Amino acid sequence: MAVLTIKNLAKTFNVGTPKASRVLDDISFDVRGGTFVSIVGPSGCGKSTLLNIISGVEEHTSGDISLTSDSGGPARMGYVFQDPRLLPWRSVMKNMMYVQNDRSEETVARARKYLDMVGLAKNADFFPGQLSGGMQQRVGIARAFAVEPDLLLMDEPFSHLDAITARGLRAQLQDIWAQSKKTVVFVTHDVVEAVELSDRIIVLQPGGRIYEDITIDLPRPRRQTDPTVATLQAEVLGRLEAMKTLSRTAAA
Amino acid sequence: MSTTMTPVKARRSTTEKEQETPAWKKRLTSDNAARVAALLSFFLFWVLMSALFERVPGPIEVVQRLVEEFQRGEVFGNFGMTLYRFGVGVALATVVGIAVGVIMGLSQLGRAFFESPVLVGLSIPAIIWSFLTVMWFGFGDLSPIITTFLTSVPFVIVNVAQGVRGVSRDLRDMSTTYNVPFSRRVRDLVLPAVTGYVAAGVRFAIIIGWNGVLLAEWFGGGGGVGYRARWWYDANRFGGFAAWVVLFVGFIVLLDRFVLDRVIQRAFRWRDASA
(Lines of atoms letter the chains of each structure in order from A and count residues from 1; the text may use other names and numbers.)
(Lines give C-alpha, C1' and ligand atoms only; values in the text may rest on other atoms or scores of the structure.)
Protein backbone atom coordinates (compact mmCIF):
# COMPACT_ATOMS: atom_id res chain seq x y z
CA MET A 1 0.00 0.00 0.00
CA ALA A 2 1.23 3.47 -0.86
CA VAL A 3 2.13 5.57 2.19
CA LEU A 4 2.75 8.70 0.14
CA THR A 5 0.99 9.65 -3.10
CA ILE A 6 1.87 12.80 -5.02
CA LYS A 7 -0.09 13.86 -8.12
CA ASN A 8 0.73 16.72 -10.50
CA LEU A 9 2.40 18.70 -7.75
CA ALA A 10 3.80 22.13 -8.59
CA LYS A 11 5.42 24.85 -6.57
CA THR A 12 5.98 28.44 -7.65
CA PHE A 13 7.64 30.97 -5.38
CA ASN A 14 6.47 34.63 -5.42
CA VAL A 15 3.26 33.78 -7.28
CA GLY A 16 1.75 36.78 -9.07
CA THR A 17 4.90 38.88 -8.91
CA PRO A 18 7.56 39.58 -11.56
CA LYS A 19 9.93 37.46 -9.45
CA ALA A 20 7.71 34.34 -9.77
CA SER A 21 9.78 31.20 -10.24
CA ARG A 22 8.56 27.64 -10.67
CA VAL A 23 10.75 25.20 -8.75
CA LEU A 24 8.63 22.04 -9.02
CA ASP A 25 6.55 21.12 -12.06
CA ASP A 26 4.09 18.26 -12.58
CA ILE A 27 5.60 15.90 -10.00
CA SER A 28 3.77 12.59 -9.65
CA PHE A 29 4.93 9.47 -7.83
CA ASP A 30 3.96 7.26 -4.94
CA VAL A 31 5.97 5.52 -2.26
CA ARG A 32 4.97 2.09 -1.01
CA GLY A 33 5.23 1.22 2.67
CA GLY A 34 8.61 -0.08 3.86
CA THR A 35 10.60 1.20 0.88
CA PHE A 36 13.62 3.49 0.84
CA VAL A 37 13.28 6.08 -1.94
CA SER A 38 15.96 8.61 -2.77
CA ILE A 39 15.45 11.85 -4.65
CA VAL A 40 18.57 13.02 -6.43
CA GLY A 41 19.36 15.86 -8.75
CA PRO A 42 21.62 18.85 -9.21
CA SER A 43 21.55 21.84 -6.82
CA GLY A 44 18.47 24.02 -7.21
CA CYS A 45 16.25 21.37 -8.81
CA GLY A 46 13.75 21.53 -5.92
CA LYS A 47 14.70 18.43 -3.88
CA SER A 48 14.56 20.11 -0.46
CA THR A 49 11.46 22.13 -1.42
CA LEU A 50 9.69 18.88 -2.31
CA LEU A 51 10.61 17.43 1.09
CA ASN A 52 9.44 20.59 2.88
CA ILE A 53 6.12 20.40 1.03
CA ILE A 54 5.67 16.75 2.03
CA SER A 55 6.48 17.63 5.66
CA GLY A 56 4.02 20.55 5.72
CA VAL A 57 6.62 23.26 6.36
CA GLU A 58 6.08 24.63 2.84
CA GLU A 59 2.77 24.90 0.93
CA HIS A 60 2.39 23.68 -2.65
CA THR A 61 0.88 25.82 -5.42
CA SER A 62 -1.13 23.07 -7.12
CA GLY A 63 -1.55 19.30 -7.22
CA ASP A 64 -2.33 16.73 -4.53
CA ILE A 65 -0.43 15.05 -1.73
CA SER A 66 -1.85 12.30 0.42
CA LEU A 67 -0.33 10.45 3.32
CA THR A 68 -1.81 7.32 4.80
CA SER A 69 -1.17 5.69 8.13
CA ASP A 70 -1.32 2.02 9.11
CA SER A 71 -3.06 3.02 12.33
CA GLY A 72 -5.89 4.77 10.51
CA GLY A 73 -5.15 8.03 12.37
CA PRO A 74 -3.18 10.99 11.01
CA ALA A 75 0.12 9.98 9.45
CA ARG A 76 3.13 10.51 11.72
CA MET A 77 6.29 11.95 10.17
CA GLY A 78 9.92 11.98 11.19
CA TYR A 79 12.43 14.38 9.66
CA VAL A 80 16.22 14.27 9.67
CA PHE A 81 17.53 17.64 8.53
CA GLN A 82 20.87 18.64 7.03
CA ASP A 83 21.83 19.99 10.45
CA PRO A 84 20.75 18.24 13.68
CA ARG A 85 18.25 20.95 14.80
CA LEU A 86 18.44 20.05 18.49
CA LEU A 87 17.35 22.36 21.31
CA PRO A 88 20.74 23.44 22.70
CA TRP A 89 19.32 24.08 26.19
CA ARG A 90 17.81 20.60 26.58
CA SER A 91 19.66 17.34 27.19
CA VAL A 92 19.85 14.65 24.50
CA MET A 93 17.05 12.64 26.17
CA LYS A 94 14.83 15.72 26.52
CA ASN A 95 15.41 16.46 22.83
CA MET A 96 14.26 12.92 22.05
CA MET A 97 11.13 13.39 24.15
CA TYR A 98 10.36 16.90 22.80
CA VAL A 99 8.88 15.46 19.60
CA GLN A 100 7.04 12.52 21.18
CA ASN A 101 3.26 12.45 21.50
CA ASP A 102 3.24 11.11 25.04
CA ARG A 103 5.56 10.60 28.01
CA SER A 104 4.65 6.99 28.76
CA GLU A 105 7.27 4.50 29.94
CA GLU A 106 6.96 2.74 26.62
CA THR A 107 7.83 5.94 24.74
CA VAL A 108 10.81 6.64 27.00
CA ALA A 109 12.01 3.06 26.50
CA ARG A 110 11.68 3.44 22.73
CA ALA A 111 13.66 6.69 22.78
CA ARG A 112 16.38 4.93 24.80
CA LYS A 113 16.36 2.00 22.39
CA TYR A 114 17.06 4.23 19.38
CA LEU A 115 19.69 6.21 21.28
CA ASP A 116 21.31 2.89 22.05
CA MET A 117 21.11 1.87 18.38
CA VAL A 118 23.07 4.97 17.36
CA GLY A 119 25.56 4.32 20.18
CA LEU A 120 24.61 7.30 22.36
CA ALA A 121 22.83 5.68 25.30
CA LYS A 122 25.61 6.88 27.61
CA ASN A 123 25.19 10.47 26.42
CA ALA A 124 21.47 10.80 27.20
CA ASP A 125 22.07 13.49 29.85
CA PHE A 126 24.56 15.50 27.78
CA PHE A 127 23.69 18.86 26.25
CA PRO A 128 24.02 18.92 22.42
CA GLY A 129 26.95 21.35 22.75
CA GLN A 130 28.90 18.61 24.51
CA LEU A 131 28.64 16.32 21.46
CA SER A 132 30.51 16.39 18.15
CA GLY A 133 28.66 17.25 14.90
CA GLY A 134 28.43 13.57 13.95
CA MET A 135 27.05 12.60 17.36
CA GLN A 136 24.46 15.39 17.17
CA GLN A 137 23.34 14.13 13.77
CA ARG A 138 23.03 10.63 15.25
CA VAL A 139 20.69 12.08 17.88
CA GLY A 140 18.69 13.64 15.02
CA ILE A 141 18.42 10.23 13.35
CA ALA A 142 17.47 8.46 16.59
CA ARG A 143 14.86 11.16 17.29
CA ALA A 144 13.27 10.67 13.87
CA PHE A 145 13.08 6.86 14.19
CA ALA A 146 11.85 7.04 17.79
CA VAL A 147 8.57 8.73 16.82
CA GLU A 148 7.75 5.52 14.92
CA PRO A 149 6.92 7.50 11.78
CA ASP A 150 4.70 6.30 8.97
CA LEU A 151 7.01 8.30 6.72
CA LEU A 152 10.59 9.31 7.46
CA LEU A 153 12.01 12.27 5.53
CA MET A 154 15.75 12.82 5.34
CA ASP A 155 17.26 15.91 3.74
CA GLU A 156 20.94 15.38 2.91
CA PRO A 157 21.60 14.31 6.52
CA PHE A 158 25.28 13.51 5.94
CA SER A 159 26.24 16.46 3.75
CA HIS A 160 27.72 18.50 6.62
CA LEU A 161 29.86 15.66 7.95
CA ASP A 162 33.35 14.51 7.07
CA ALA A 163 33.66 11.48 4.77
CA ILE A 164 34.59 8.95 7.47
CA THR A 165 31.81 9.98 9.87
CA ALA A 166 29.31 10.04 6.99
CA ARG A 167 30.29 6.52 5.91
CA GLY A 168 29.86 5.22 9.47
CA LEU A 169 26.46 6.88 9.78
CA ARG A 170 25.31 5.50 6.42
CA ALA A 171 26.13 1.99 7.60
CA GLN A 172 24.33 2.67 10.89
CA LEU A 173 21.30 4.02 9.01
CA GLN A 174 21.14 0.88 6.87
CA ASP A 175 21.21 -1.30 10.00
CA ILE A 176 18.47 0.66 11.77
CA TRP A 177 16.34 0.78 8.62
CA ALA A 178 16.76 -2.98 8.09
CA GLN A 179 15.39 -3.55 11.61
CA SER A 180 12.58 -0.96 11.53
CA LYS A 181 11.60 -1.13 7.83
CA LYS A 182 10.26 2.41 7.91
CA THR A 183 9.17 4.16 4.71
CA VAL A 184 11.92 6.65 3.87
CA VAL A 185 12.16 9.53 1.40
CA PHE A 186 15.80 10.53 1.29
CA VAL A 187 17.07 13.64 -0.50
CA THR A 188 20.70 13.70 -1.62
CA HIS A 189 22.88 15.14 -4.35
CA ASP A 190 25.24 12.18 -3.93
CA VAL A 191 24.33 9.40 -6.40
CA VAL A 192 26.82 7.00 -4.79
CA GLU A 193 25.04 7.41 -1.45
CA ALA A 194 21.62 7.01 -3.10
CA VAL A 195 22.56 3.70 -4.76
CA GLU A 196 24.01 2.37 -1.52
CA LEU A 197 20.86 3.13 0.49
CA SER A 198 17.81 3.02 -1.80
CA ASP A 199 15.29 0.66 -3.32
CA ARG A 200 14.41 3.32 -5.83
CA ILE A 201 15.91 6.59 -7.08
CA ILE A 202 13.83 9.44 -8.46
CA VAL A 203 15.98 11.82 -10.50
CA LEU A 204 14.85 15.45 -10.65
CA GLN A 205 16.10 17.67 -13.45
CA PRO A 206 16.65 21.44 -13.42
CA GLY A 207 13.21 23.08 -13.59
CA GLY A 208 11.85 20.64 -11.03
CA ARG A 209 10.49 17.82 -13.24
CA ILE A 210 11.05 14.10 -12.80
CA TYR A 211 13.68 12.94 -15.30
CA GLU A 212 13.84 9.26 -14.40
CA ASP A 213 12.59 6.75 -11.85
CA ILE A 214 15.20 4.00 -11.31
CA THR A 215 14.66 0.76 -9.37
CA ILE A 216 17.71 -0.48 -7.44
CA ASP A 217 17.42 -4.20 -7.14
CA LEU A 218 20.51 -5.18 -5.14
CA PRO A 219 20.82 -7.37 -2.04
CA ARG A 220 21.36 -5.72 1.35
CA PRO A 221 23.38 -4.82 3.32
CA ARG A 222 25.26 -2.88 0.66
CA ARG A 223 28.67 -1.32 0.91
CA GLN A 224 30.19 1.14 -1.56
CA THR A 225 33.08 -1.26 -2.11
CA ASP A 226 30.81 -4.07 -3.40
CA PRO A 227 31.50 -4.52 -7.17
CA THR A 228 27.78 -4.77 -8.04
CA VAL A 229 27.04 -1.55 -6.11
CA ALA A 230 29.99 0.21 -7.76
CA THR A 231 28.84 -0.89 -11.23
CA LEU A 232 25.30 0.37 -10.67
CA GLN A 233 26.62 3.62 -9.21
CA ALA A 234 28.65 4.16 -12.38
CA GLU A 235 25.59 3.43 -14.52
CA VAL A 236 23.34 5.87 -12.61
CA LEU A 237 26.08 8.52 -12.67
CA GLY A 238 26.28 8.06 -16.43
CA ARG A 239 22.53 8.63 -16.77
CA LEU A 240 22.77 11.81 -14.68
CA GLU A 241 25.62 13.09 -16.84
CA ALA A 242 23.44 12.45 -19.90
CA MET A 243 20.62 14.41 -18.25
CA LYS A 244 22.95 17.35 -17.53
CA THR A 245 24.16 17.38 -21.14
CA LEU A 246 20.56 17.30 -22.35
CA SER A 247 19.60 20.17 -20.00
CA ARG A 248 22.58 22.26 -21.13
CA THR A 249 21.69 21.65 -24.78
CA ALA A 250 18.07 22.59 -24.15
CA ALA A 251 19.13 25.75 -22.31
CA ALA A 252 21.48 26.72 -25.16
CA MET B 1 78.92 33.33 -0.67
CA SER B 2 77.69 33.07 2.86
CA THR B 3 74.33 34.20 4.17
CA THR B 4 73.56 35.31 7.64
CA MET B 5 70.56 33.68 9.23
CA THR B 6 68.57 35.90 11.56
CA PRO B 7 67.39 33.79 14.46
CA VAL B 8 63.60 33.70 14.63
CA LYS B 9 62.22 33.88 18.11
CA ALA B 10 59.70 31.13 18.77
CA ARG B 11 56.24 32.45 19.55
CA ARG B 12 55.10 31.81 23.10
CA SER B 13 51.93 29.90 23.89
CA THR B 14 49.12 31.40 25.97
CA THR B 15 50.06 29.05 28.82
CA GLU B 16 53.65 30.36 28.81
CA LYS B 17 52.42 33.96 28.71
CA GLU B 18 50.04 33.21 31.58
CA GLN B 19 52.86 31.69 33.65
CA GLU B 20 55.19 34.62 32.98
CA THR B 21 52.68 37.29 34.07
CA PRO B 22 53.26 38.21 37.73
CA ALA B 23 50.35 37.67 40.14
CA TRP B 24 50.07 41.39 41.04
CA LYS B 25 49.73 42.30 37.36
CA LYS B 26 46.98 39.72 36.88
CA ARG B 27 45.10 41.08 39.88
CA LEU B 28 45.46 44.70 38.72
CA THR B 29 44.16 43.92 35.24
CA SER B 30 41.24 41.73 36.36
CA ASP B 31 37.52 42.54 35.96
CA ASN B 32 37.16 42.82 39.73
CA ALA B 33 39.95 45.42 39.85
CA ALA B 34 38.07 47.47 37.22
CA ARG B 35 34.88 47.28 39.31
CA VAL B 36 36.70 48.35 42.49
CA ALA B 37 38.38 51.19 40.56
CA ALA B 38 34.97 52.43 39.36
CA LEU B 39 33.56 52.37 42.91
CA LEU B 40 36.63 54.17 44.29
CA SER B 41 36.43 56.83 41.54
CA PHE B 42 32.77 57.44 42.31
CA PHE B 43 33.50 57.64 46.04
CA LEU B 44 36.37 60.14 45.53
CA PHE B 45 34.15 62.23 43.22
CA TRP B 46 31.45 62.26 45.92
CA VAL B 47 33.94 63.35 48.60
CA LEU B 48 35.27 66.09 46.29
CA MET B 49 31.78 67.39 45.46
CA SER B 50 30.77 67.47 49.13
CA ALA B 51 33.97 69.39 49.94
CA LEU B 52 33.27 71.94 47.19
CA PHE B 53 29.50 72.40 47.66
CA GLU B 54 27.88 72.95 51.02
CA ARG B 55 24.53 71.47 49.95
CA VAL B 56 26.04 68.15 48.83
CA PRO B 57 26.18 65.87 51.90
CA GLY B 58 29.41 63.89 52.25
CA PRO B 59 29.66 60.16 52.93
CA ILE B 60 30.20 60.61 56.67
CA GLU B 61 27.08 62.76 57.07
CA VAL B 62 25.04 60.28 55.03
CA VAL B 63 26.19 57.37 57.20
CA GLN B 64 25.40 59.40 60.35
CA ARG B 65 21.84 60.08 59.13
CA LEU B 66 21.40 56.43 58.23
CA VAL B 67 22.51 55.39 61.73
CA GLU B 68 20.03 57.91 63.18
CA GLU B 69 17.25 56.38 61.09
CA PHE B 70 18.20 52.93 62.34
CA GLN B 71 18.15 54.20 65.93
CA ARG B 72 14.69 55.72 65.42
CA GLY B 73 13.47 52.35 64.10
CA GLU B 74 12.47 53.85 60.77
CA VAL B 75 14.59 51.70 58.44
CA PHE B 76 13.18 48.17 58.58
CA GLY B 77 9.48 49.13 58.47
CA ASN B 78 9.80 51.64 55.65
CA PHE B 79 12.34 49.63 53.68
CA GLY B 80 10.25 46.46 54.00
CA MET B 81 7.14 48.36 52.88
CA THR B 82 8.89 49.66 49.74
CA LEU B 83 10.41 46.27 49.04
CA TYR B 84 6.99 44.62 49.20
CA ARG B 85 5.45 47.18 46.82
CA PHE B 86 8.45 47.06 44.50
CA GLY B 87 8.56 43.23 44.51
CA VAL B 88 4.85 42.82 43.74
CA GLY B 89 5.01 45.47 40.98
CA VAL B 90 8.08 43.94 39.30
CA ALA B 91 6.73 40.38 39.63
CA LEU B 92 3.44 41.44 38.00
CA ALA B 93 5.32 43.27 35.25
CA THR B 94 7.45 40.17 34.61
CA VAL B 95 4.51 37.75 34.37
CA VAL B 96 2.30 40.06 32.27
CA GLY B 97 5.31 41.23 30.21
CA ILE B 98 6.34 37.67 29.30
CA ALA B 99 2.76 36.67 28.38
CA VAL B 100 2.11 39.75 26.21
CA GLY B 101 5.65 39.62 24.75
CA VAL B 102 5.19 35.97 23.70
CA ILE B 103 1.83 36.79 22.08
CA MET B 104 3.34 39.79 20.25
CA GLY B 105 6.30 37.72 19.12
CA LEU B 106 4.29 34.75 17.86
CA SER B 107 1.20 36.38 16.37
CA GLN B 108 0.92 39.08 13.74
CA LEU B 109 -2.54 39.90 15.10
CA GLY B 110 -1.20 40.10 18.66
CA ARG B 111 1.53 42.48 17.52
CA ALA B 112 -1.00 44.70 15.75
CA PHE B 113 -3.20 44.76 18.87
CA PHE B 114 -0.55 45.50 21.50
CA GLU B 115 1.89 47.64 19.51
CA SER B 116 0.26 51.03 20.15
CA PRO B 117 -0.55 50.54 23.87
CA VAL B 118 3.03 49.40 24.50
CA LEU B 119 4.41 52.42 22.63
CA VAL B 120 2.22 54.73 24.72
CA GLY B 121 3.37 52.93 27.88
CA LEU B 122 7.02 53.37 26.93
CA SER B 123 6.59 57.10 26.35
CA ILE B 124 4.92 57.91 29.70
CA PRO B 125 7.53 58.68 32.38
CA ALA B 126 7.35 57.28 35.92
CA ILE B 127 6.52 60.68 37.40
CA ILE B 128 3.30 60.95 35.34
CA TRP B 129 2.23 57.42 36.34
CA SER B 130 2.90 58.24 39.99
CA PHE B 131 0.67 61.36 39.83
CA LEU B 132 -2.07 59.43 38.06
CA THR B 133 -2.04 56.41 40.37
CA VAL B 134 -2.06 58.58 43.49
CA MET B 135 -5.12 60.37 42.05
CA TRP B 136 -6.79 57.08 41.14
CA PHE B 137 -5.90 54.86 44.08
CA GLY B 138 -5.04 57.25 46.92
CA PHE B 139 -2.40 56.82 49.64
CA GLY B 140 -2.06 53.06 50.05
CA ASP B 141 0.01 50.18 48.72
CA LEU B 142 -1.88 50.12 45.43
CA SER B 143 -0.48 53.37 43.93
CA PRO B 144 3.22 52.42 44.25
CA ILE B 145 2.52 48.84 43.11
CA ILE B 146 0.60 49.96 40.04
CA THR B 147 3.16 52.69 39.27
CA THR B 148 5.99 50.15 39.44
CA PHE B 149 4.02 47.78 37.23
CA LEU B 150 3.04 50.40 34.63
CA THR B 151 6.50 51.94 34.35
CA SER B 152 8.29 48.62 33.95
CA VAL B 153 5.93 46.33 32.03
CA PRO B 154 6.46 47.90 28.56
CA PHE B 155 10.21 47.24 28.79
CA VAL B 156 9.65 43.56 29.60
CA ILE B 157 7.12 43.25 26.75
CA VAL B 158 9.41 44.86 24.16
CA ASN B 159 12.40 42.71 25.15
CA VAL B 160 10.46 39.44 25.22
CA ALA B 161 8.65 40.14 21.91
CA GLN B 162 11.99 40.88 20.25
CA GLY B 163 13.42 37.64 21.65
CA VAL B 164 10.45 35.54 20.50
CA ARG B 165 10.71 36.96 16.97
CA GLY B 166 14.36 35.91 16.97
CA VAL B 167 13.68 32.24 17.83
CA SER B 168 15.45 30.04 15.30
CA ARG B 169 13.35 29.42 12.19
CA ASP B 170 15.00 26.00 11.83
CA LEU B 171 13.85 24.90 15.28
CA ARG B 172 10.33 26.22 14.65
CA ASP B 173 10.18 24.28 11.36
CA MET B 174 11.43 21.16 13.14
CA SER B 175 8.64 21.57 15.72
CA THR B 176 6.05 22.01 12.94
CA THR B 177 7.26 18.88 11.16
CA TYR B 178 6.93 16.81 14.32
CA ASN B 179 3.56 18.37 15.26
CA VAL B 180 4.86 19.48 18.67
CA PRO B 181 1.92 20.88 20.70
CA PHE B 182 1.80 24.68 21.14
CA SER B 183 2.17 24.58 24.95
CA ARG B 184 5.32 22.43 24.68
CA ARG B 185 6.75 24.71 22.00
CA VAL B 186 6.30 27.71 24.29
CA ARG B 187 7.79 25.91 27.31
CA ASP B 188 10.69 24.06 25.68
CA LEU B 189 11.53 26.21 22.66
CA VAL B 190 10.31 29.79 22.99
CA LEU B 191 10.86 30.49 26.69
CA PRO B 192 14.40 29.06 26.93
CA ALA B 193 15.30 30.85 23.68
CA VAL B 194 14.17 34.18 25.10
CA THR B 195 15.68 33.74 28.58
CA GLY B 196 18.35 36.33 27.80
CA TYR B 197 15.71 38.79 26.62
CA VAL B 198 13.53 38.07 29.68
CA ALA B 199 16.54 38.69 31.92
CA ALA B 200 17.28 41.96 30.12
CA GLY B 201 13.58 42.89 30.44
CA VAL B 202 13.51 42.11 34.19
CA ARG B 203 16.71 44.14 34.65
CA PHE B 204 15.00 47.07 32.94
CA ALA B 205 11.89 46.45 35.04
CA ILE B 206 13.97 46.66 38.23
CA ILE B 207 15.90 49.75 37.16
CA ILE B 208 12.83 51.60 35.84
CA GLY B 209 10.47 50.19 38.46
CA TRP B 210 12.34 51.57 41.47
CA ASN B 211 11.92 55.08 40.05
CA GLY B 212 8.20 54.41 39.95
CA VAL B 213 7.88 53.05 43.49
CA LEU B 214 9.91 55.88 45.04
CA LEU B 215 8.03 58.58 43.14
CA ALA B 216 4.62 57.14 44.07
CA GLU B 217 5.68 57.01 47.72
CA TRP B 218 7.13 60.53 47.47
CA PHE B 219 3.83 61.97 46.23
CA GLY B 220 1.42 59.52 47.82
CA GLY B 221 2.86 59.35 51.35
CA GLY B 222 1.79 56.38 53.43
CA GLY B 223 5.32 55.30 54.42
CA GLY B 224 8.19 53.72 52.52
CA VAL B 225 11.62 54.78 51.31
CA GLY B 226 10.21 57.52 49.02
CA TYR B 227 8.10 58.89 51.86
CA ARG B 228 11.09 59.07 54.27
CA ALA B 229 13.32 60.61 51.59
CA ARG B 230 10.71 63.34 51.08
CA TRP B 231 10.40 63.83 54.87
CA TRP B 232 14.12 64.67 55.05
CA TYR B 233 13.93 66.77 51.89
CA ASP B 234 11.06 68.83 53.32
CA ALA B 235 13.10 69.28 56.51
CA ASN B 236 15.87 70.73 54.31
CA ARG B 237 18.31 68.08 55.57
CA PHE B 238 19.83 66.58 52.46
CA GLY B 239 21.98 64.09 54.38
CA GLY B 240 18.87 62.12 55.42
CA PHE B 241 17.47 62.33 51.91
CA ALA B 242 20.72 61.01 50.42
CA ALA B 243 20.93 58.27 53.07
CA TRP B 244 17.65 56.71 51.90
CA VAL B 245 18.59 57.00 48.22
CA VAL B 246 21.99 55.38 48.88
CA LEU B 247 20.31 52.60 50.87
CA PHE B 248 17.87 51.72 48.10
CA VAL B 249 20.33 52.09 45.21
CA GLY B 250 22.80 49.91 47.13
CA PHE B 251 20.12 47.29 47.54
CA ILE B 252 19.29 47.34 43.79
CA VAL B 253 22.99 46.96 42.89
CA LEU B 254 23.41 44.01 45.29
CA LEU B 255 20.20 42.42 44.00
CA ASP B 256 21.47 42.70 40.44
CA ARG B 257 24.96 41.38 41.15
CA PHE B 258 24.21 38.59 43.58
CA VAL B 259 20.75 37.38 42.59
CA LEU B 260 19.92 38.30 38.99
CA ASP B 261 23.45 37.66 37.71
CA ARG B 262 23.49 34.18 39.27
CA VAL B 263 20.02 33.31 38.01
CA ILE B 264 21.12 34.30 34.49
CA GLN B 265 24.32 32.25 34.79
CA ARG B 266 22.27 29.23 35.86
CA ALA B 267 19.78 29.69 33.01
CA PHE B 268 22.64 29.75 30.50
CA ARG B 269 24.67 26.87 31.91
CA TRP B 270 24.03 24.92 28.68
CA ARG B 271 26.12 27.53 26.83
CA ASP B 272 29.17 26.57 28.88
CA ALA B 273 28.82 23.00 27.66
CA SER B 274 31.07 22.56 24.63
CA ALA B 275 32.51 19.61 22.82
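Using N, Cα and C of the backbone, Cβ positions are placed for all residues, glycine too.
Summarising the annotation, TrEMBL assigns domain 'ABC transmembrane type-1' to B:79-259.
What TrEMBL lists as region 'Disordered' is B:1-23.
Per TrEMBL, the feature transmembrane segment maps to B:33-53 (among others).
Sequence-distant contacts of the transmembrane segment (B:83-106), counting only residues of its own chain at least 6 positions beyond either end whose CB sits under 8 Å from a CB of the stretch, comprise 114-115, 118, 141, 144-149, 152-165, 167, 186, 190-191, 194, 197-198, 201-202, 205-206, 209-210, 212-213, 216-217, 224, 251. The annotation transmembrane segment is assigned in TrEMBL to B:83-106 (among others).
Feature annotation from TrEMBL assigns transmembrane segment to B:118-139 (among others).
Packing against the transmembrane segment (B:145-168) from elsewhere in the chain are residues 85-86, 88-90, 92-94, 96-98, 100-102, 104-106, 111, 114, 118, 121-122, 124-126, 129-130, 133, 136-137, 189-190, 193-194, 196-198, 200-202, 204-206, 208-213, 215-216: each is 6 or more residues past its ends and has a CB under 8 Å from a CB in it. Per TrEMBL, transmembrane segment is recorded for B:145-168 (among others).
Only residues 6 or more beyond the boundaries of the transmembrane segment (B:189-210), in the same chain, are considered here, and those with a CB under 8 A from a CB of the stretch are 86, 89-90, 93-94, 97-98, 101-102, 105-106, 126, 148-149, 151-153, 155-160, 162-164, 166-168, 171-172, 175, 180, 248, 252, 255-256, 260, 263-264, 267-268. The transmembrane segment annotation in TrEMBL covers B:189-210 (among others).
What TrEMBL lists as transmembrane segment is B:241-260 (among others). Taking Cβ pairs closer than 8 Å, the transmembrane segment (B:241-260) reaches residues 57, 62-63, 65-66, 69, 75, 79, 82-83, 199, 202-203, 206-207, 210, 214, 225, 228-230, 232-233 in its own chain, all 6 or more past its ends.
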